[in-house]
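Positions annotated as substrate binding site by TrEMBL: A:ARG100, A:ARG110, A:ARG139, A:ASP227. Annotation source TrEMBL lists Mg(2+) binding site at A:ASP227, A:ASP251, A:ASP255. Annotation source TrEMBL lists NAD(+) binding site at A:GLY285, A:SER286, A:ALA287, A:PRO288, A:ASP289, A:ILE290, A:ALA291, A:GLY292, A:GLN293, A:ASN294, A:ILE295, A:ALA296, A:ASN297. Per TrEMBL, the feature domain 'Isopropylmalate dehydrogenase-like' maps to A:4-356. According to TrEMBL, the site 'Important for catalysis' annotation covers A:TYR146, A:LYS195.
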Number of protein chains: 2
Amino acid sequence: MNLNLAVISGDGIGPEVVREARKVLDRIAEKYGHEIHYTDLLMGGASIDVHGVPLTDETIEIAKSSDAVLMGSIGGNAATSPWYKLPADRRPEAGLLKLRKSLGLFANLRPAILYKELQDACPLRKDISDKGFDLMIMRELTGGLYFGARETKEVDGVMTAIDTLTYNENEIRRIARRAFDIAGKRRKKVCSVDKANVLDSSRLWRKVVEEVAKEYPDVELTHMLVDNCAMQLVKDPAQFDVILTENMFGDILSDEASMVTGSIGMLASASLNDSKFGLYEPSGGSAPDIAGQNIANPIATILSAAMMLRYSFDLDKEADAIEQAVSQVLAEGYRTGDIMSEGCKKVGTTEMGDLIAERV
Amino acid sequence: MNLNLAVISGDGIGPEVVREARKVLDRIAEKYGHEIHYTDLLMGGASIDVHGVPLTDETIEIAKSSDAVLMGSIGGNAATSPWYKLPADRRPEAGLLKLRKSLGLFANLRPAILYKELQDACPLRKDISDKGFDLMIMRELTGGLYFGARETKEVDGVMTAIDTLTYNENEIRRIARRAFDIAGKRRKKVCSVDKANVLDSSRLWRKVVEEVAKEYPDVELTHMLVDNCAMQLVKDPAQFDVILTENMFGDILSDEASMVTGSIGMLASASLNDSKFGLYEPSGGSAPDIAGQNIANPIATILSAAMMLRYSFDLDKEADAIEQAVSQVLAEGYRTGDIMSEGCKKVGTTEMGDLIAERV
Ligand SMILES: [Mg+2]
Ligand SMILES: [Mg+2]
C-alpha cells in the first residue's frame, strides 16, 4: 500500500517523538511491504518563526491532499515564549484549531488504557486497577459551547458574559455513527454521556443517539449523566468500552480518564472527519522544559501512528504489531523517565524508539 | 440562643435520617442551653401526595420566615413511582429547585473529607489517600448553563438545540466573596476553576474573582482550568482547600470529589443566600430502595446539621462538638452498612444517631 503522510513535528518535544514514530513506521513499511511518503509541514511556533503565522493556507492544502496527518505537539511555555506575546488568533494553538476546522475533524478519539506493567502508576486503589481498563472516549470536537457565539457586554450597567451551546441533529448523528462503528470493532458497548435532565442540547443528543443505535443492533447503548460519569471513571473505569459525548463534557472526562491511567505519556489520540482521513497525535503537551534532551516518552506518538494505520488505512495487523511491540518493551522492563519505576531499565527517547522498532 | 428551624424530612430515607439529626441537635440544645423550635414542612413526593404539587406557596413562606432549613432527601424511584408520571415541573425535584430559587440560595457548599477511619473505602491508591484531604467545593447554584434560556427548533429543516450560559459580574462577585469568607476560616486558599482559555463567561469569572481577591489579602488565590481540575482531584486532592466554580463545573467536580472520598453517606451540603439563612441537606439521594429499614446512614444529615450551626448561627463550638462526636463513633468502630468494613460493629440508623448524640 502507498501511504501519503503529512508530518507536523511541531514544537517542544514534538520533533523528537515524531522521529521515533517514523522509525517505527519505516520498520512496519519494510516488514509488511508498504511505501510511505512523508511530507514535512510547519505548524504552531515552528510556523510562526518562519512565516509569522501558526498555519499557512498552503500548509492546509498539503495536509488536505495527504491520506493522514501525524503530529507531534504544538506550543511552548506561555509565560516565557515570545509566541504568547502575539494576539490569541496568531498563537501556536490557534494553528491547531484552524487545521482541525479546515480538515473538518469533528470526532476526537482518546483511548485510556491501563497497561498491566504500569499499574503502579495508576492513582486508583489496587483492587480497582487490578481489573484493568481499556476505554475509548469519543468526543465531538467542532460544536457545543467551545464553538458557539459568545459575547461580553454591559446590560443595565452590569458586565455580562454569554456563551452558547448549540448542536443540531446532523452533528450529533455523524459523531454517534463513528462511536457505534468503533464500538463494533471493540467490546460492542456505547455509553452516551449527557446532561439530559437539564439541557435541551442533551435531550436532542440522547434522542438522536437512540435513533442511530437502531442501525447497530449488535452494539449495546446506555446513557449516563456527566456528573455520574465523572464519578464512575474513578470508581470503576473497567465498566466502560466507548464513551460518546459532546465537546466540553469530553474535554473534562477525557482528561480525567487519562489521569486515571496514571501514564499520560502513553496515550494516543486521533481526530477524524467523515472520510478515512485523520490527524493523529499524542495526548500530552509539548513539554518545552524537557525538549531536546532525549528524555521525552515517544510511546504516545508511536501508538498514535498505530491508530493511524488502524483508522485511516485499515491496516489492523500492522497496528496490532506496533501495540504488541510496545507491550513487549514494557514487559521487558524498559522505561522512559516519566514512567520509570524501581527495578526497571531507564532509556532515552531514541533508545525507546529503537527498542520498539526492533520488536515490530 | 433561639433557633427557629424549618424541617423538610422529604421522601425515601429522608424522615429516618432527619430524625437522627434532630436527636443530635436536641442533645446540643440541652448541653449548650439553646432553644430549638422545629416546624415540619412537606416538599417533594410527600407534598405531592397531600397537596398534588411538590411545593406550596405557603410552605415557601414558612421556610422563608425560619432561620434555616434542615432537609432530608427528595424524590423516589423514577422508574416505578407515580410521582414521575407527572409533568416535569410537578415532579418531586421541581419542588427543591423552586425552593432554592424562592430562597435565593446561590451558593452551594459541598465538603469532601477523607475520614482516616474510612480510608479503605477511598478509591485512590494508599500513598495518595495517606495524605488525607479536606476540601470544600463552592458551586454557584442559580446561574450558568442550567438556568439560561434554551430552545429546540428547526433551522433549515434541521432540528437544533440551543442552551445559553450567562453570568454577570454581580452573580460572580457575591459567590466569590462567600468563597473567600469561608477560606478565611479554613486554610486560606481559594482555587477558582473555569475554562478561561475558551469561554467569555469564564474570562469574566476570572476577572471578577481577581478583583474580589484584593479584598482578602490573607487568602491565596489560584486559577485552574476545569479539565485540569478533574485530573488533579484524582491525582492529588490534598492540594485543595476551597474550590470556587460556576454551576455546571461545580456539578461535575463536586460529584467527582465526593466519589474520591469513597463515602458519599458521610457528605453534608449547604445552600446559602446573601444573609445567614441556609438550606442544609446530605449530598446523597433519597435511596427509596432502602427506606424504612433502619439501615440508612444518618451521618451526612447529622453533619449537615453541624454545618447549619456553623454557617447560619455561628455556633462553631457546637458544630465542632458534633463533628468530633462523629469522628469518635467512627474511631470506636461503629458503622452503618454502607461504610461497613471487616472488624467493625454494624449498627442501624437509630443506633448510629444514639451513639453520636451520646458523645456530643
Ligand atoms: Mg482538556
Ligand atoms: Mg451532580
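Every residue, even glycine, has its Cβ placed from backbone N, Cα and C.
Taking the C-alpha atom of A:ILE295 (NAD(+) binding site) as reference, the shortest distance to any of the recorded positions A:ARG110, A:ARG139, A:TYR146, A:LYS195 belongs to A:ARG110. Note: the Cα of A:ASP289 (NAD(+) binding site) and the Cα of A:ASP255 (Mg(2+) binding site) are spaced 21 Å from each other. Reduced to three states, the DSSP call for A:ASP251 (Mg(2+) binding site) is helix. Cβ contacts within 10 Å of A:ALA287 (NAD(+) binding site), excluding its own Cβ and spanning all protein chains shown: 23.
In sequence order, the binding-site residues near chain B, meaning those of A:ARG139, A:ASP227, A:GLY285, A:ALA287, A:ASP289, A:ILE295 whose CB lies under 8 Å from a CB of that chain, are A:ASP227.
Here the CA atom of A:GLY285 (NAD(+) binding site) lies 26 Å from the CA atom of A:ASP227 (substrate binding site). All protein chains included, A:ARG100 (substrate binding site) registers 17 other Cβ atoms within 10 Å of its own Cβ. Proximity of the recorded positions (A:TYR146, A:LYS195, A:ASP251, A:ASP255) to ligand 1: a Cβ under 6 Å from the molecule is found for A:ASP251, A:ASP255. A Cα-Cα distance of 40 Å separates A:LYS195 (site 'Important for catalysis') from A:ALA291 (NAD(+) binding site). Among the recorded positions A:ARG139, A:TYR146, A:ASP251, no residue has its Cβ under 6 Å from any atom of ligand 2. Reduced to three states, the DSSP call for A:ARG139 (substrate binding site) is strand. When the Cα of A:ASP255 (Mg(2+) binding site) is compared against those of the recorded positions A:TYR146, A:GLY285, A:ALA287, A:ALA291, the shortest separation belongs to A:GLY285.
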